[in-house]
Amino acid sequence: MRSPLIPEMATQEVQLNETLAHLKTESETLKTKLEEERAKLHDVELHQVAEKVEGLGQFVMKTRRTLKGHGNKVLCMDWCKDKRRIVSSSQDGKVIVWDAFTTNKEHAVTMPCTWVMACAYAPSGCAVACGGLDNKCSVYPLSLDKNENLAAKKKSVAMHTNYLSACSFTNSDMQILTSSGDGTCALWDVESGQLLQSFHGHAADVLCLDLAPSETGNTFVSGGCDKKANVWDMRSGQCIQSFETHESDINSVRYYPSGDAFASGSDDATCRLYDLRADREVAIYSKESIIFGVSSVDFSLSGRLLFGGYNDYTINVWDVLKGTRVSILFGHENRVSTLRVSPDGTAFCTGSWDHTLRIWA
Amino acid sequence: MSSKTQSSSSMAQARRTVQQLRIEASIERVKVSKASSDLMRYCGEHAKNDPLLMGIPASENPFKDKKPCTVL
């Protein structure tokens with residue numbers, strides 16, 4: 001016996017499928033339109049415009065300090081605004097604060113988890129944040145008393161449902177931005193631990209993030225295993241721009257100092273530059289001889305140089321405008337996992353799976 | 001999951017995708033030539049204050065070792 005409900009449900013389902021098909025068509029149309037709009041403005045290449053710029057000479061950069069003390073792979077590091085202190089985190093669960101001038105260790109904390117993949121210095125210099133396989137981001141106030149147990153004052157701020165891949169304080173010690181293997185980014189209030197905003201849009205693990213320079217306003221960029229780099233409005237949670245030209249995971253993203261562009265480093269062995277106002281990729285930094293992934297990128301103060309830390313243990317230095325490599329630096333005995341230029345641009349620091357950090361200048 | 005629920009969650013997903021694309025399609029863009037010359041101008045204006053680019057003398061860089069001086 002045929003139920004009278006069946007024809008009705010069948011009709012509803014047909015209607016749903018038609019609307020779904022309609023949406024998919026609109027989605028394809030919009031994607032094509034986006035490509036066309038972007039292509040219209042692609043009148044020239046960055047390196048062509050840069051032909052008239054003077055070439056860069058030879059660079060002599062060497063390891064000036066080696067920071068030894070971690071018992072396993074160094075995964076992340078960050079500079080303090082005082083331009084001399086550094087926080088680093090390791091697979092062995094330790095987070096260390098160093099004086100990079102003297103190489104002395106000033107603080108050390110043992111986390112309850114291994115693989116502390118993220119660490120960040122607070123703008124005030126009075127605290128550090130870190131996290132990893134514990135799925136959390138915790139803040140440790142730094143005590144002047146070296147004997148004080150830092151772990152006792154620990155504050156759990158962020159909670160994700162998968163590993164913490166990156167964290168960064170915003171302009172103050174009061175808010176932290178995090179990215180996670182759970183595919184989201186989130187903004188948290190440090191004092192209360194409250195979630196202020198979450199950012200959904202990546203289709204896989206988010207591996208990295210960077211905040212826009214303060215003059216540019218409230219945006220940040222994130223990169224993930226879905227090969228996408230997304231630019232977000234921090235207040236609304238909306239993804240405002242998205243770039244998908246890399247061929248593999250994006251391990252690192254960093255804003256150009258003016259805030260008008262950002263660079264990315266990927267497992268596809270390339271670094272790329274995306275201009276936000278042109279809304280497209282404007283440069284690729286690659287060589288046939290470079291076949292290992294880029295773990296970490298950062299700009300020199302003027303934005304002319306891009307430093308990339310690679311899984312083949314080297315650092316490649318690129319002329320951002322001309323697209324050519326200007327230097328290759330050797331020294332680490334395993335993958336370079338993290339790289340940051342100091343706040344005053346006098347040096348850059350790298351961390352490696354060889355358990356050490358190096359300061360280069 | 002009933003096929004109707006599956007259809008409605010794919011619908012929700014499809015709606016979100018379309019909304020997202022609409023936002024992205026509507027932003028104002030500039031030509032690459034203009035964007036490039038702005039990047040170049042920024043580099044040029046800040047080059048002289050970029051220690052890693054210009055190189056600064058060892059005496060001014062706390063990370064570079066100062067050569068020991070002998071007083072004759």
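A Cβ is built for glycine as well, from the same backbone N, Cα and C atoms used for every other residue.
Per TrEMBL, repeat 'WD' is recorded for A:67-108, A:157-198, A:199-242, A:243-284, A:294-328, A:329-361.
Helix, strand and coil content of the repeat 'WD' (A:294-328), in residues and according to DSSP, is 0 helix, 21 strand, 14 coil.
With DSSP states grouped into helix (H, G, I), strand (E, B) and coil, the repeat 'WD' (A:329-361) comes out at 0 helix, 16 strand, 17 coil. Taken as a whole, the repeat 'WD' (A:329-361) shows an average pLDDT of 97 in this prediction.
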